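Below is one structure, written out as structure tokens; the observations come after it.
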Amino acid sequence: MARPSPLCLLLLLTLLPPIVPSNSLLTEPPFRWRFYLHETWTQGNRLSTVTLATVDCQPHGCQAQVTFNFTSFKSVLRGWSNPTIGFVYDQTHSNCRDYWVDTNGGCPYAYCRMHVTQLDTAKKVQHTYRLTSDGRTTYFLTIPDPWDSRWVSGVTGRLYRWPTDSYPVGKLRIFLTYIRVIPQVLSNLQDQADNIKHQEEVINTLVQSHPKADMVTYDDKAEAGLFSWITLVRHGARLVNMAGLVNLSHCFLCTALSQPPLVAVPLPQAFNTSGNHTAHPSGVFSEQVPLFRDPLQPQFPFCYTTPNSSWCNQTYSGSLSNLSAPAGGYFWCNFTLTKHLNISSNNTLSRNLCLPISLVPRLTLYSEAELSSLVNPPMRQKRAVFPPLVIGVSLTSSLVASGLGTGAIVHFISSSQDLSIKLQMAIEASAESLASLQRQITSVAKVAMQNRRALDLLTADKGGTCMFLGEECCYYINESGLVETSLLTLDKIRDGLHRPSSTPNYGGGWWQSPLTTWIIPFISPILIICLLLLIAPCVLKFIKNRISEVSRVTVNQMLLHPYSRLPTSEDHYDVALTQQEAAR
């Protein structure tokens, strides 16, 4: 069984009669009020913003409290912390409302009102606490008054790691919007339709079936003869209806995008060539078209020519000159389709296999269980790849550390060449990435402008989109010129890196010659040796003096140890005088 791609075409709607929606779908309003919780924090030198959670009000309005459920804050790590939120709108002290708002969120003092995370292991939202946690995986942030108009314009708060911290680590923004509720099935179908359109555009660039294919819009593809997955599946749906299949309410028609879209099905008898058929251009119509083989019938029902008579139940016995296939039929000869067959008896083509066939879309009918098992395969564990080149670099570094001159030179040259190649690849990848991002931003800007114009038309009686939402109007500032300038700079750098390797120029001086590459690795060892030779005499002289001094002291101690110094008369007189002074 062929494995379908994830872009399975859920087009059984063309097979089934219109489904009458239930009362719940009819009574449910298509629009709803939705709260958004955004967190903004600084990571290094980059400012990041992420949507932590969303929650919808009741279908008939925001008349009761709502609660956000989310796993964690991005700027506060779970564990050694107690997240605390401070809002400006609910402060009671003037210092908290009027000062330190930009840096501290209105809370540099202990008397400001803070919403500290409270432990709630029962996971029951309490009215008395704004921020709670189950202590393990989930935080609960409650909005007690969702009907207040402040949420429409947006409320900003500061996030602290601890209640005693002086400065916040992130910023929270809560706002309320009126959105259109799209069922999940329709949302999935919209995503699949976008993917199908993208696949059709890729295929149309490869299939040159129209001289002006780039100028044909998506709606005119069927008339222009371009390939379309939608048209293909519609033909398959018609065949299913003609076959009389019933009870297909939970089945899916799928096609594999990696396989040919059409398959040739052998017909049980020859074409009727007596009638007048529409003239078709001569020559090969298509190549490499697979042939369907019925596993229950080992032989083909009918063949015009065959290399082996056992392959076919019946073989054509008439003349094979100037045969034309009617509308919807083709001659299949060795994976090639043609509308005309002209084979003589002595022609080598008479020994090939030629069949009357009809083209059928290559679709597969899956049940819901089969599709779930095919679209969601089991996860595979990733295996680590052993990188031997890393070991080679480590060995080379070891040789350099050991002082092997040849190894050091080879490592230096190979590392320089590898660094140059990687730098060129990085610049080329950066240029391509910037160009791709610029194209995406320009496309998004065009789509946003079209949506803005459509919204202004729909809300013209209410003063436009901005007046209807009560917000300031935002406009897109096109700064694509900066990106284009950066791309030109990267291109110049890339050309400069390529130029020395293709057209070397050694006229700049002796330091730019190839000999410099061989001399540089020897400079450091030579300098170290010269330094050692300069200080070696001083070191040797110092060591010699110290050895002599130690030897002299040792000899004196050994020779004069049995002797002691005798007292003299002067010494005796000095002792007597000292005793007299002490007696006084």
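Including glycine, each Cβ sits where the backbone N, Cα and C put it.
Annotated features in Swiss-Prot:
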DISULFID  CYS466-CYS473  disulfide bond
CARBOHYD  ASN69  N-linked glycosylation site
CARBOHYD  ASN247  N-linked glycosylation site
CARBOHYD  ASN272  N-linked glycosylation site
CARBOHYD  ASN276  N-linked glycosylation site
CARBOHYD  ASN308  N-linked glycosylation site
CARBOHYD  ASN313  N-linked glycosylation site
CARBOHYD  ASN322  N-linked glycosylation site
CARBOHYD  ASN334  N-linked glycosylation site
CARBOHYD  ASN342  N-linked glycosylation site
CARBOHYD  ASN346  N-linked glycosylation site
CARBOHYD  ASN478  N-linked glycosylation site
REGION    388-413  region 'Fusion peptide'
MOTIF     466-474  motif 'CX6CC'
TOPO_DOM  541-584  topological domain 'Cytoplasmic'
TRANSMEM  515-540  transmembrane segment
Item checked: Cβ-Cβ neighbours of ASN313 (N-linked glycosylation site) (radius 10 Å) -> 13
Note to self: Between ASN69, ASN308, which of the glycosylation sites has its C-beta surrounded by the fewest other C-beta atoms within 10 Å?
What the structure shows: ASN308
Notebook entry, point to check: What else in the chain is close to the motif 'CX6CC' (466-474), if you only count residues 6 or more beyond its ends and a Cβ gap under 8 Å?
Noted result: 152-153, 459
Next item on the list: Select one residue from ASN334, ASN342: among these glycosylation sites, choose the one with the most other Cβ atoms within 10 Å of its Cβ.
Entry: ASN342
Note to self: Sequence gap of 6 or more, Cβ distance under 8 Å: name the residues on the same chain that satisfy this around CYS466 (disulfide bond), in order along the sequence.
What the structure shows: GLU472, CYS473
Next item on the list: Could you state the whole-number distance in Å separating the C-alpha atoms of ASN322 (N-linked glycosylation site) and ASN334 (N-linked glycosylation site)?
Entry: 19
Notebook entry, point to check: So how many other Cβ atoms are close to ASN322 (N-linked glycosylation site), meaning within 10 Å of its Cβ?
Noted result: 9
Next item on the list: Name the one residue among ASN308, ASN313, ASN334, ASN342 whose Cα is closest in three-dimensional space to that of ASN69 (N-linked glycosylation site); these are the glycosylation sites.
Entry: ASN334
Next item on the list: Enumerate same-chain residues with a sequence separation of six or more from ASN272 (N-linked glycosylation site) and a Cβ-Cβ distance below 8 A; give 'none' if the list is empty.
Entry: PRO326
Notebook entry, point to check: Using DSSP, what's the helix, strand and coil tally for the motif 'CX6CC' (466-474)?
Noted result: 4 helix, 0 strand, 5 coil
Next item on the list: Would you mind reading off the Cα separation of ASN342 (N-linked glycosylation site) from ASN308 (N-linked glycosylation site), to the nearest angstrom?
Entry: 20
Notebook entry, point to check: Along the topological domain 'Cytoplasmic' (541-584), what average pLDDT does this model show?
Noted result: 70
Notebook entry, point to check: Taking just the CA atoms, what is the gap between ASN308 (N-linked glycosylation site) and ASN334 (N-linked glycosylation site) in Å?
Noted result: 14
